[in-house]
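Here the structure is laid out as structure tokens; the discussion comes afterwards.
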């Protein structure tokens with residue numbers, strides 16, 4: 001099994017380009033099932049989850065042509081099967097995103113339970129109830145089987161603002177009869193990317209960026225070319241890396257509009273950056289002190305549906321907080337197992353009290369030391385990389401497949417900005 005060897009204590013420096021949004025690439029690959037014509041996706045990150053989604057797309061009879069480093073031409077002129085292969089589905093949670101497109105085009109979808117990160121209970125009921133509202137029959141018997149004679153638009157109220165459920169209903173409803181209104185829809189930048197792609201294919205989606213989406217069904221979609229937005233999760237990770245290593249870093253190809261929720265959270269830790277049109281620069285001279293709430297109350301960083309702070313970055317913020325003077329509460333509201341990785345930080349010397357599965361109280365700054373670590377999921381794995389980079393000595397990080405599911409050519413790109421990291425095994 002491959003692992004990362006990281007020698008900590010060296011500041012990053014230079015410039016790094018942020019990759020395309022992983023969470024936009026996955027539903028956009030699924031959306032290519034909706035048309036018989038070619039769809040060219042640009043700025044697609046070269047990561048494991050994308051590779052798995054492309055494997056599933058090929059299983060339906062589709063062709064995938066790679067054009068350059070980050071461009072893929074997807075073409076599915078004839079849908080040969082509506083079954084998602086089991087082995088691939090169990091590698092990535094986003095395999096559930098093929099339910100909506102397969103229902104819309106083939107009137108059937110058969111999916112094994114999806115895999116992905118083990119970060120807590122991740123219910124699928126919202127998907128089932130929403131697709132059933134459009135007219136699908138749902139059967140659960142070891143696999144998930146969806147079928148429909150036709151899909152008819154309706155008012156769909158999601159019982160939670162689930163990103164993937166919103167995306168599934170979007171893709172199912174663009175070819176449905178009539179009008180669909182999704183209330184309590186997710187509005188993250190990657191959901192907006194999917195909406196813009198669908199409209200470029202001939203769909204009629206309005207309310208993009210809000211929590212109410214209106215979809216007027218059309219008879220067919222056509223091919224298009226679409227460029228995915230920047231991965232703001234990666235931007236947040238790289239900002240955190242610069243902070244914990246006391247480095248100066250410029251991150252390019254950034255959509256600065258997506259960083260507002262991140263800015264409020266980082267400022268609680270004394271972290272600021274400067275913004276250019278498509279870049280952010282982090283200075284090496286940061287006054288890393290917790291900004292306490294009025295009255296001297298301990299502040300907290302908590303997550304929620306967009307535009308709240310994204311849950312995928314709570315692990316990163318936990319590591320950053322270990323290097324900041326003061327006490328702060330990290331409250332992971334959405335996933336009850338995501339904070340369990342902090343026991344590894346504690347073995348490295350971090351002063352963290354895990355209050356319960358959702359909350360960690362972090363006191364800093366802590367002098368971390370190298371350790372032997374195992375990545376439990378993609379975001380905690382990247383957080384461990386940050387911890388290793390600021391720790392004294394050498395750290396070994398295992399199960400790096402989890403990290404590479406979400407971060408493109410991580411070792412090569414981090415080496416280019418001064419991180420002493422090597423992949424072994």
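Glycine too: its Cβ is placed from the backbone N, Cα and C atoms.
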Residue among 312, 343 sharing the UDP-N-acetyl-alpha-D-glucosamine site, where Swiss-Prot lists 93, 334 as binders: 312
Residue 22 (phosphoenolpyruvate binding site) and residue 312 (UDP-N-acetyl-alpha-D-glucosamine binding site), distance between Cα atoms, whole Å: 12
Candidate with sparsest Cβ neighbourhood (10 Å radius) among 22, 93, the listed binding-site residues: 93
Nearest-integer angstrom distance between the alpha carbons (Cα) of residue 93 (UDP-N-acetyl-alpha-D-glucosamine binding site) and residue 22 (phosphoenolpyruvate binding site): 13
Cβ packing number for residue 312 (UDP-N-acetyl-alpha-D-glucosamine binding site), 10 Å threshold: 25
Three-state secondary structure, residue 23 (phosphoenolpyruvate binding site) (per DSSP): helix
All-chain count of other Cβ atoms within 10 Å of residue 334 (UDP-N-acetyl-alpha-D-glucosamine binding site): 19
